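Among the features that TrEMBL reports, heme b binding site is placed at 53, 63, 185, 203. Per TrEMBL, domain 'NarG-like' is recorded for 2-224. Residues annotated as transmembrane segment in TrEMBL: 6-25, 50-74, 86-107, 128-145.
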């Protein structure tokens with residue numbers, strides 16, 4: 001089971017994430033939207049949205065940089081593994097909590113208003129619930145990490161992620177003895193990539209696409225003669 005979930009499942013998740021997003025964009029472009037409800041309870045939306053999006057973006061970037069930066073770079077910079085782990089715990093705690101508070105505000109807004117509840121699909125409930133549990137598990141790992149402040153466990157997860165992305169074998173064996181809370185958090189996180197193409201999360205891609213507008217020519221509008 002360990003080999004499947006942490007040696008094979010990551011590739012299933014990445015494949016569904018990339019090809020599923022492409023297929024949905026090609027075949028169902030009119031469903032490629034965030035389905036905004038910003039005209040309803042705008043104040044609560046603004047607060048929750050800012051907290052959640054800033055928090056989750058920093059959490060994602062922290063995971064990306066923390067897991068994929070080769071350990072020799074940290075060694076070359078003279079950053080001890082224990083210090084890197086404490087930085088990760090502090091940053092993860094702050095931004096993870098920010099994302100959690102923002103998500104709770106958004107959940108309260110969505111499910112305390114009958115108009116918003118009527119606009120909420122089952123896929124939205126699944127996505128929001130999945131992100132909530134993933135955040136809670138991620139914050140819970142901090143409590144376990146404080147018992148492993150030498151940084152050894154952190155380096156194992158770094159090596160696991162880097163082996164997965166470079167198609168090197170033996171990744172799953174590295175974390176075979178990792179605490180269950182970490183494995184649950186990893187499974188929930190990887191499964192987010194699996195459900196991504198089938199939910200409104202696909203609008204995240206549009207954020208990257210919007211950058212292309214910077215290089216486009218100005219739209220010329222002329223009055224009728």
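Each Cβ is built from the backbone N, Cα and C atoms, and glycine gets one as well.
Feature map: TrEMBL annotations on the structure.
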| residue | record | Cβ contacts under 8 Å, 6 or more apart |
| --- | --- | --- |
| 53 | heme b binding site | 102 |
| 63 | heme b binding site | 189 |
| 185 | heme b binding site | 134, 137, 138, 140, 141 |
Surrounding residues of the transmembrane segment (50-74) on its own chain - C-beta under 8 Å, 6+ positions past either end:
81, 84, 88, 91-92, 95-103, 105-106, 131, 138, 154-155, 157-159, 161-162, 165, 189
With DSSP assignments reduced to helix, strand and coil, which class does residue 63 (heme b binding site) get?
helix
